[in-house]
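Novice: Here Swiss-Prot flags 1502-1550 as DNA-binding region, drawing on sequence analysis. Feature annotation from Swiss-Prot assigns active site, protease to ASP614. Positions annotated as Mg(2+) 1 binding site by Swiss-Prot, on the basis of sequence analysis: ASP815, ASP890, ASP891. What Swiss-Prot records for HIS1289, HIS1293, CYS1317, CYS1320 is Zn(2+) binding site, and it gives sequence analysis as the kind of evidence. Taken from Swiss-Prot, the feature Mg(2+) 3 binding site covers ASP1344, ASP1401, GLU1437. Residues or ranges marked as domain 'Peptidase A2' by Swiss-Prot: 609-690. The feature domain 'Reverse transcriptase' is assigned by Swiss-Prot to 750-938, with sequence analysis given as support. As annotated by Swiss-Prot, region 'Disordered' applies to 100-150, 181-217, 544-571, 1551-1603. Per Swiss-Prot, region 'Involved in homooctamerization' is recorded for 1548-1567. Feature annotation from Swiss-Prot assigns motif 'Nuclear export signal' to 219-229; the stated evidence is similarity to another entry.
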Amino acid sequence: MEAVIKVISSACKTYCGKTSPSKKEIGAMLSLLQKEGLLMSPSDLYSPGSWDPITAALSQRAMVLGKSGELKTWGLVLGALKAAREEQVTSEQAKFWLGLGGGRVSPPGPESIEKPATERRVDKGEEVGETTVQRDAKMAPEETATPKTVGTSCYHCGTAIGCNCATASAPPPPYVGSGLYPSLAGVGEQQGQGGDTPRGAEQPRAEPGHAGQAPGPALTDWARVREELASTGPPVVAMPVVIKTEGPAWTPLEPKLITRLADTVRTKGLRSPITMAEVEALMSSPLLPHDVTNLMRVILGPAPYALWMDAWGVQLQTVIAAATRDPRHPANGQGRGERTNLDRLKGLADGMVGNPQGQAALLRPGELVAITASALQAFREVARLAEPAGPWADITQGPSESFVDFANRLIKAVEGSDLPPTARAPVIIDCFRQKSQPDIQQLIRAAPSTLTTPGEIIKYVLDRQKTAPLTDQGIAAAMSSAIQPLVMAVVNRERDGQTGPGGRARGLCYTCGSPGHYQAQCPKKRKSGNSRERCQLCDGMGHNAKQCRRRDGNQGQRPGRGLSSGPWPVSEQPAVSLAMTMEHKDRPLVRVILTNTGSHPVKQRSVYITALLDSGADITIISEEDWPTDWPVVDTANPQIHGIGGGIPMRKSRDMIELGVINRDGSLERPLLLFPAVAMVRGSILGRDCLQGLGLRLTNLIGKATVLTVALHLAIPLKWKPDHTPVWIDQWPLPEGKLVALTQLVEKELQLGHIEPSLSCWNTPVFVIRKASGSYRLLHDLRAVNAKLVPFGAVQQGAPVLSALPRGWPLMVLDLKDCFFSIPLAEQDREAFAFTLPSVNNQAPARRFQWKVLPQGMTCSPTICQLVVGQVLEPLRLKHPSLRMLHYMDDLLLAASSHDGLEAAGEEVISTLERAGFTISPDKIQREPGVQYLGYKLGSTYVAPVGLVAEPRIATLWDVQKLVGSLQWLRPALGIPPRLMGPFYEQLRGSDPNEAREWNLDMKMAWREIVQLSTTAALERWDPALPLEGAVARCEQGAIGVLGQGLSTHPRPCLWLFSTQPTKAFTAWLEVLTLLITKLRASAVRTFGKEVDILLLPACFREDLPLPEGILLALKGFAGKIRSSDTPSIFDIARPLHVSLKVRVTDHPVPGPTVFTDASSSTHKGVVVWREGPRWEIKEIADSGASVQQLEARAVAMALLLWPTTPTNVVTDSAFVAKMLLKMGQEGVPSTAAAFILEDALSQRSAMAAVLHVRSHSEVPGFFTEGNDVADSQATFQAYPLREAKDLHTALHIGPRALSKACNISMQQAREVVQTCPHCNSAPALEAGVNPRGLGPLQIWQTDFTLEPRMAPRSWLAVTVDTASSAIVVTQHGRVTSVAAQHHWATAIAVLGRPKAIKTDNGSCFTSKSTREWLARWGIAHTTGIPGNSQGQAMVERANRLLKDKIRVLAEGDGFMKRIPTSKQGELLAKAMYALNHFERGENTKTPIQKHWRPTVLTEGPPVKIRIETGEWEKGWNVLVWGRGYAAVKNRDTDKVIWVPSRKVKPDITQKDEVTKKDEASPLFAGISDWAPWKGEQEGLQEEVASNKQERPGEDTLAANES
């Protein structure tokens, strides 16, 4: 045993690696197998014949006992045994065919492995399971090269000894491992001689000949290949061979070729062009199936190899299909011999399995070519799947990237993509036109049409670039080179403080701009006109502070300013492109006023400057010459501005600056708040941040730069409700991190001009959320404001159908950047969208802002966005009627009949939108190919959805709702049939969004089909030249329709339509198809603007002429063609069904048997009766859980199935069933339980059925009345006593107890009879009972809310009383809510402890979901009293009254006659609780607190009898508590305790032994001894015991007194 365990453990470590089982687990498994009798000895485990029985036995044991440890261990051991066995087989056969000794080993199979004679020790390098044959193989002479024989026949061909067979096959090793074929070590020099030279070397021409007569070919040097591959570690050591064109002879491959290919795959990947070239070179000659599979095992891993096998099989099936259609197909040998099949092509036919020589002899040349081509195509598919190519559609030419580098990247990505070779060149050329830089795009558009290859385009662009004229970019580059030395000199001097020789500056003068001197030495320096002017900086005369040398430094040149401490709070990345120099007359200059809003003292609050409008600058820059010297500045995160001339140092204003533009008439444009940059530039610049905020835009009209103001007529006023009083909701507190992020986002929006300071009386909260990228997003909670708005009506009824775009038209997609923020908000509405930016700990006054543009989250923003964009685009729609322009929110799609027309229209649309104030994202402009719009991918001929996940996460009802919504969006594009939507519709039942849902098997299977459908199905774009067709069909669980073209021949679907969910109990298929045809015609007009040209109807309508009335109504006004044909193949995915127009039910009698049906709710039975001769036959069904309507339907269904092939008349008194059955005259869709029952019965009938309705209990004589009475009597057979009770009550109106006794029915049935009486049911029938009390403290509490006006404003008091100890707990609340009740109970639990149960009324505060959850968490049971009946809460009601009286007395004693001051309410309430709980009440000798914390132990009192519902007295009870009108009794057998009225309790004098316990009873029962009936019973005790047969006389008297 130990030796076997050691051998198996070694084998498992070799072949299983880290997952190998331990020796202990192997020993336990072997012991179990021997115990179960599956192994006679441990060595039997080596026999393959025992493997299957062991596997079956362990699997059965795991399923029965749930223990799978031994089965898991056996799985690992079995894998190791099989791997060792396959290695042994391959090694033996390889040695055998190489002539190195060894014996014949059968092909792989459990029955052919030999039992090892010895076992090896892995640590000493011995063979695993080494057989005697293997040992002999090692001893065989090396020169042996002839095939071995078994018996008297050759193993190769089965002929006698001495045949000329030269070689045989070695099956490919099926297991992955680097240590395979250990017995072939050192065999490389012992291979057979005289074969062909290796492939890759110089090869002599082989003589053609038959395979069986050719000399033995030289096999590839396996040991040498193994040595070569040891470093790269290929998955399997195997050598492919090729077939020469001269004949079926093998040519060995050069091992270095295989090594190089394996290394190329490992380093370059499968999709590399080098890999593809080497694989195609190796497969340039026809290969055998044996060679193909071995080659793929070498270069592919296990998973890609499995994918390749599947893909190869698919390709071979295509070859077989072509060969089946054409008998003279090359694979069929030009019609000679048997046709090809899959077994032949895979080398699995007779004589080919594991025999490459047999494959070479039996396979035809055409088959070899097909095998090799299919294998190569499968390899390409696997390479695409295993290593997906990069997205070539996303490659664009960078701003500084050369065209050659861009072309290299693009061509490499396209060549490695999934595109077919014929489509790659057009795609590359099209990407050149769209993805290159704008100037190169213009060159390509101007290229001659004769340039049709990428190489020609590249050469043309390079040639044109050499001779291209000077462009704006070229001028800018030249200017940059010219002025860079000058600007950098200034920058270096400012940065390093360096000067030239002699102390002279190397920079420029700030006054005149000339180099060589400082500002102080400038000859053009302005002199002061007032010599007596006093400097405020140095107190000197003759100059002002601006000219003071102390300010400018030693030489008068301005040094760097003193910077305030602390970094700039807003993290920005300014990248400014300064405006190019213009002529002075064309420079767009404006007059600007700057106002400092800081709180520190400055000399000037406002200054006037002249600034240059520059739409190329990102931010606003104020020149240091214009910047007041006492306005502080701070450092920024980016200390430089980058422009054409290089970098310039910059700072930012520490205070917020108000900037306003002065118009020509002197008026001031709306001011803008911002933090401008301050730098050493010649003149101030207003950048895009300022232009957008002020509503200014720099445009170029007729070559002259002007300034335009965006018109405010685009602002659409909002509509407010009549009571739109201002809403003020305090800002939520935010943590410091989020507050900092909010501050940064607000400052950014302020600089962009989207918000402005506000003093509005409106306020709603703002907050931030973190995005997936790590940045924050600003959100504004506008729910309260939306409640005051009147929503606008929808202006766009859904999204456009993209398949309506004409087929082949080029497309362009535009994206409006920040569309909401580009549309102004009406000025009168802005104050309603104000918010507050708080500070931590209120360290500073809060800053308030309001939106100037459409805010996100406002209910009217989407509608206004659509209206404004549509208004801007309307003139273009009128100007270009043939242009297709799809507009949905901020996404635009343009389609034109030509590329030139599309480009022209696109430029016009972009310019129109930009003039209106919108921004187009250049990087989001899409052109074909690869256009995506509204979640769909559009090609020149198709429209396909994108974005389906592998498997969605489903946990709640809301998750299912979202998933169904997404599928509904995709259904018109994918054609998802109703049967696949059914499992998801089933999960939508419920009302709680958080209700748990699971991803069940039906949903999983349906989702798999939907995902598969999304990869294959797509809509086809409409071709206006072809007729538009429509078709409808019935399918599983509904009906389906489609609009398309060529539906009956080559279907091209354009839009899918589906029937709606049924809203009636039953809908006939004819009605469903009628509604679907109407919907199809309306969709065609709405989507394509035309009626359907051809309508395809199911074949049933061809057989039923004229058409049914419903179909004719649906076709009213239809002028197209109608065709009736079989269901088109496009509906196969929906599993179409035949539509039958046969009438199944009529309301006229038919010749055949007549049956009567009825059902009763009292007996819960349904019956069917019919007359057979003189007597009635009866059939019954019973179901206590079914309704009367379902019982009636089941009875009719049972009647219909009595004679399925015979016309039958069904008579029923149920109008509901009769009407429904008549509506089900034709096949249809049921939606209720009764309809499903009837439809199932009708579907099983083949004959006509007639349904006849009669009125029940009518006095009309005849056969129908008689049959109905018989059915009614059988259905209500057990209700005769109940009918008698009804009659007796109608006559005498007696009570339920009397009815129960008189008619022998239950009390429940008697109460139901009384309650159905309109005269006796004026008040609800209530049982006699008593309020349950606790037998001890903390068993039952009663809680109630009571109103005490003296305690206003918190005038609601929550009162809880312990029903056993009478202890009271009171809390004060402002409103009666669930939260108040939970808070009160938490306080009461802290004072008294946790109760077992609480009784309340049925108020919403006690019965809400949150309250139920709170009680469940505390483990407290909850019950409610009778609604509207205060007696159900008697104890707490008395406690309310007692508490209010105590509060009144205490308040009046303190001088508060009416309202108690708020400051005194808490103290007074505590005094009232103290007085009620800590002092005796009434006749009690203990206080409630004493009874609560020191309760009296109850003992059982005397035996009693109680009166039950039937009026009888039941024995076996003992008294526990006796009170005023109530008692608690305990059952002696079950220990059950119940509360009953005292009038239903009397002593049980028959229990003699128990009477003596009266004296030992608790004082609680002291009053019972004075009870008169008790005394009477005690005095007659002896007499009662003696006679024991005669009823005691006093009992009648007691009963009389009780009544």
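Cβ from N, Cα, C; glycine included.
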Novice: Write down the Cα-Cα distance for GLU1437 (Mg(2+) 3 binding site) and ASP815 (Mg(2+) 1 binding site), rounded and given in Å.
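Specialist: Roughly 69 Å, rounded to the nearest whole number.
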Novice: In angstrom units, rounded to an integer, how far apart are the Cα atoms of ASP1401 (Mg(2+) 3 binding site) and HIS1289 (Zn(2+) binding site)?
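Specialist: That separation, Cα to Cα, works out to 35 Å.
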Novice: Taking every protein chain in this structure into account, which of the recorded positions ASP614, ASP815, ASP891, ASP1401, GLU1437 has the most other Cβ atoms within 10 Å of its Cβ?
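Specialist: Checking each of ASP614, ASP815, ASP891, ASP1401, GLU1437, the winner is ASP614.
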Novice: On a count of neighbouring CB atoms within 10 A, which of the binding-site residues ASP890, ASP1344 is highest?
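Specialist: Per the Cβ count, the most surrounded site is ASP1344.
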Novice: Once ASP815, ASP890, ASP891 are set aside, which residues in the chain still have Cβ within 8 Å of the Cβ centroid of the Mg(2+) 1 site?
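Specialist: Filtered neighbour residues, in order: LEU814, LEU816, CYS819, TYR888, MET889, LEU892, LYS924.
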Novice: Given a separation of at least six residues and a C-beta threshold under 8 Å, show me what packs close to CYS1320 (Zn(2+) binding site) in the same chain.
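Specialist: The answer is HIS1289, HIS1293, VAL1314.
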Novice: Over the motif 'Nuclear export signal' (219-229), what does the predicted model average in pLDDT?
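Specialist: A mean pLDDT of 49 is what the predicted model shows over the motif 'Nuclear export signal' (219-229).
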Novice: What is the separation, in Å, between the Cα atoms of ASP891 (Mg(2+) 1 binding site) and GLU1437 (Mg(2+) 3 binding site)?
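Specialist: If we compare the Cα positions of ASP891 (Mg(2+) 1 binding site) and GLU1437 (Mg(2+) 3 binding site), the gap is 67 Å.
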Novice: Let me make sure I understand the structure: which of the binding-site residues listed (HIS1289, HIS1293) has the fewest other Cβ atoms within 10 A of its Cβ?
Specialist: HIS1293
Novice: Tell me which residues of the chain lie with their Cβ under 8 angstroms from that of CYS1317 (Zn(2+) binding site), as long as they are six or more apart in sequence?
Specialist: HIS1289, THR1290, HIS1293
Novice: Need the DSSP three-state call for ASP1344 (Mg(2+) 3 binding site) to compare against my parser.
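Specialist: It is in a strand.
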Novice: Can you check what DSSP calls ASP815 (Mg(2+) 1 binding site), collapsed to helix, strand or coil?
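Specialist: It is in a strand.
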Novice: Roughly how many Å separate the Cα of ASP890 (Mg(2+) 1 binding site) from that of the residue listed as 'active site, protease', to the nearest whole number?
Specialist: 27
Novice: Which secondary structure state does DSSP assign to ASP891 (Mg(2+) 1 binding site), in the simple three-class scheme?
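Specialist: Going by the DSSP assignment, ASP891 (Mg(2+) 1 binding site) falls within a strand, counted as strand.
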Novice: For the domain 'Peptidase A2' (609-690), jot down how many residues DSSP puts in helix, in strand and in coil.
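Specialist: Residue counts in helix, strand and coil order: 3 helix, 38 strand, 41 coil.
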Novice: Which residue counts does DSSP give the DNA-binding region (1502-1550) for helix, strand and coil?
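Specialist: Across the DNA-binding region (1502-1550), DSSP assigns the residues as follows: 3 helix, 29 strand, 17 coil.
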Novice: Express the distance between the Cα positions of ASP1344 (Mg(2+) 3 binding site) and the residue listed as 'active site, protease' as a whole number of Å.
Specialist: 74
Novice: What's the CA to CA span in angstrom from GLU1437 (Mg(2+) 3 binding site) over to ASP614 (active site, protease)?
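Specialist: Just about 81 Å between their Cα atoms.
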